[in-house]
């Protein structure tokens with residue numbers, strides 16, 4: 001797909017509408033996720049549940065505060081959330097090692113490392129949404145599909161990634177604004193995924 005600014009604009013509008021329609025549940029859900037993540041064992045399932053809330057919002061369904069506990073729905077879902085989280089940690093560690101090695105190269109090394117980080121983020125950004133939307137598929141499937149979407153729509157996905165990143169960073173810099181920008185960014189990502197790859201049906 002070539003770059004489509006109209007789709008980006010529509011995605012932001014729909015993400016905002018989804019947020020406004022579920023503003024209390026999403027804000028409380030995010031607060032529960034952040035506070036609950038103080039206990040390490042709850043980090044993965046709580047974030048899994050919050051991503052689920054944002055996906056559910058893009059379906060036009062009413063999001064409830066209890067949805068944040070979706071990652072505790074069953075032992076299998078709890079384990080599933082941790083599988084994804086651990087794999088992302090491993091990928092992050094490997095990337096960190098590679099970037100440290102690249103820093104040995106004066107000037108050029110850090111630039112290459114930054115480019116690698118951006119590319120990795122772009123190719124993996126939809127994997128968590130796919131993983132949740134397709135509960136009968138494994139994490140490898142989610143990663144492969146995310147990579148394929150980025151390969152087929154690189155410029156679009158890059159722009160989506162930049163917008164989402166900026167929303168989150170700006171929200172964090174402005175203190176409590178992150179309560180708005182994080183769910184907005186997640187809902188935007190979920191909506192754009194569904195537009196870029198309609199064949200991936202939401203079965204969550």
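Note that Cβ sites are derived from N, Cα and C of the backbone, with glycine treated the same way.
Pulled from TrEMBL:
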type     : residues : note
TRANSMEM : 27-52    : transmembrane segment
TRANSMEM : 82-105   : transmembrane segment
TRANSMEM : 111-132  : transmembrane segment
TRANSMEM : 153-186  : transmembrane segment
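Packing against the transmembrane segment (153-186) from elsewhere in the chain are residues 1-4, 7-8, 11-12, 15-16, 19, 26-27, 29-31, 50-51, 53-54, 57, 118, 121-122, 125-126, 192, 196: each is 6 or more residues past its ends and has a CB under 8 Å from a CB in it. Sequence-distant contacts of the transmembrane segment (27-52), counting only residues of its own chain at least 6 positions beyond either end whose CB sits under 8 Å from a CB of the stretch, comprise 63, 65, 67-72, 77-78, 80-82, 84-86, 128-129, 132, 179-180, 182-183, 186, 190, 204.
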